[in-house]
Amino acid sequence: FRDVPLQVLLGFGLLVAFLGRYGPGGVVISILIVSFAIQWAVLIQGFLYFFHNGKIYMGALSMVGADFCTAAILISTGAVLGRVNPVQMLLLALLEVILSTLNEYILLSLMGVSDSGRSLTVHIFGAYFGLMVSRILHQPHMDKRKRENQQDTGHLDVFAVVGTIYLWIFWPSFTSATTVHDNAEPWAALNTYLSLVASTVATFILSPVLYEERIPRMVQIQDATLAGAAVMGMAGEMLVTPFGALIAGFLAGLISLLGFRFFTPVLRSRLKIQDTCGVHNVHGIPGVLGALLGTLLTLLATADTYGERLEFVFPLVAQGSRTAADQAFLQLCALPLTLLLAMIGGCLTG
């Protein structure tokens, strides 16, 4: 529980500090958003999950759930940072907490989807919600001037250094917070850590080729770390194997860099979406890749391969009320459903 709020406050908060003019203000707004969203998420989630006999019962799980929801909000704010004021940020949080909690309730409670590290409900939902808000807020003349003020500056890389260190230390706990079981290996933490190291190596390999720099900037390492963690959101507690986690993390690191180099300009010029912090490349695409990987791994969910862990990861499959193929189909259906809710919610909020 302690690691999750540290990750939300420090990892996500310092992520936006590299922006020249908006960096310090972005950190301040992140603290404001966290303070507000946690309280609101405790209430909204309480009515759905922890409401008994006319009261909301609170515990460590309710606070961890609120932190997960807050992480989705911070991802969304990264897409519109520097273009909205704090009051508008609070309005975004007010509406997104409701929709994010509804999406999580449909996926995890009603459909029985396994998404322990929140590839769907945090990374994908937060990224595409924020991107649609950014699209609705598009103003050509204002956006051109503000892009000049949002350029990253080298002297603020120290914030990215600290943020990256916290991401490395605490993200395995973030991914495995809901998968802690007695006498069970922490697969989610181990797979996430392997994915982190692979995505970072991918950045050191590809960055000099794309940007003609001998050493990658710390912001690029930070983005690779986020992408490597996002790809393990759903698949982390599944039977990825160490080799599979390394391959997935390596691909996520490559996708993140290629997205910044080639896809972000297309978003800005063709789709009129200004993505201030690049959430599409570090959360959106790696999150989608993680959801597809989790769907493939679900097909392998048998008692022979998982043993006693099958009851923890796929309880309905272990009970015999659902086959592995049925579970994989629902895991796959959860992806377009999340995208639909995020995009509609983002449009309405924008």
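Including glycine, each Cβ sits where the backbone N, Cα and C put it.
Residues annotated as domain 'Ammonium transporter AmtB-like' in TrEMBL: 10-349.
As annotated by TrEMBL, transmembrane segment applies to 6-22 (among others).
Marked as transmembrane segment by TrEMBL: 29-50 (among others).
Through the fold, the transmembrane segment (56-82) approaches residues 1, 4-5, 7-8, 12-13, 15-16, 19, 21-22, 26, 29-30, 33-34, 37-38, 41-43, 45-47, 49-50, 89, 92-93, 96-97, 100-101, 104, 118, 121-123, 125-127, 129-131, 133-134, 137, 146, 149-150, 174, 177-178, 275-280, 283, 346 of its own chain, all at least 6 residues removed from its boundaries and within a Cβ separation under 8 Å. Feature annotation from TrEMBL assigns transmembrane segment to 56-82 (among others).
Tertiary proximity for the transmembrane segment (89-108) is limited to same-chain residues at least six positions away from its ends with a CB under 8 Å from its CB atoms, namely 29, 32-33, 36-37, 40-41, 44-45, 48-49, 68-69, 72-73, 76-77, 80, 115, 120-121, 125-126, 129, 133, 334, 337-338, 341-342, 345, 348-349. Feature annotation from TrEMBL assigns transmembrane segment to 89-108 (among others).
TrEMBL lists 120-137 (among others) with the feature transmembrane segment.
Per TrEMBL, transmembrane segment is recorded for 158-180 (among others). Within its own chain, the transmembrane segment (158-180) has Cβ neighbours under 8 Å at 1, 3-4, 6-7, 10-11, 13-15, 17-18, 23, 27, 61, 64, 68, 71, 116-117, 186-190, 192-193, 196, 217-219, 221-222, 225-226, 229, 232-233, 236-237, 312, counting only residues six or more beyond its boundaries.
Counting residues 6+ beyond its ends, the transmembrane segment (246-263) has Cβ neighbours under 8 Å at 194-203, 206-207, 210-211, 220, 223-224, 226-228, 230-232, 235, 240, 278, 280-282, 285-286, 289-290, 293 in the same chain. Taken from TrEMBL, the feature transmembrane segment applies to 246-263 (among others).
Through the fold, the transmembrane segment (284-303) approaches residues 114-115, 117, 119-120, 123-124, 127-128, 131, 226-228, 230-235, 238-240, 248, 251-252, 255-256, 259, 310, 313-314, 317-318, 324-325, 327-328, 331-332, 334-335 of its own chain, all at least 6 residues removed from its boundaries and within a Cβ separation under 8 Å. Annotation comment: TrEMBL describes 284-303 (among others) as transmembrane segment.
Annotation source TrEMBL lists transmembrane segment at 328-348 (among others). If one looks beyond the transmembrane segment (328-348) by at least 6 residues along the same chain, the residues whose Cβ comes under 8 Å of a Cβ in the stretch are 76, 95-96, 99, 102-103, 106-107, 111-115, 120-121, 124-133, 135-136, 234, 288, 291-292, 294-296, 298-299, 301.
Non-local neighbours of the transmembrane segment (120-137) in the same chain are 68-69, 71-80, 83-84, 92, 96, 99-100, 103-104, 107-108, 113, 230, 233-234, 267, 271-276, 279-280, 283-284, 286-288, 290-291, 334-335, 338-339, 341-343, 345-347, 349-350; each lies 6+ residues outside the stretch with a CB under 8 Å from one of its CB atoms.
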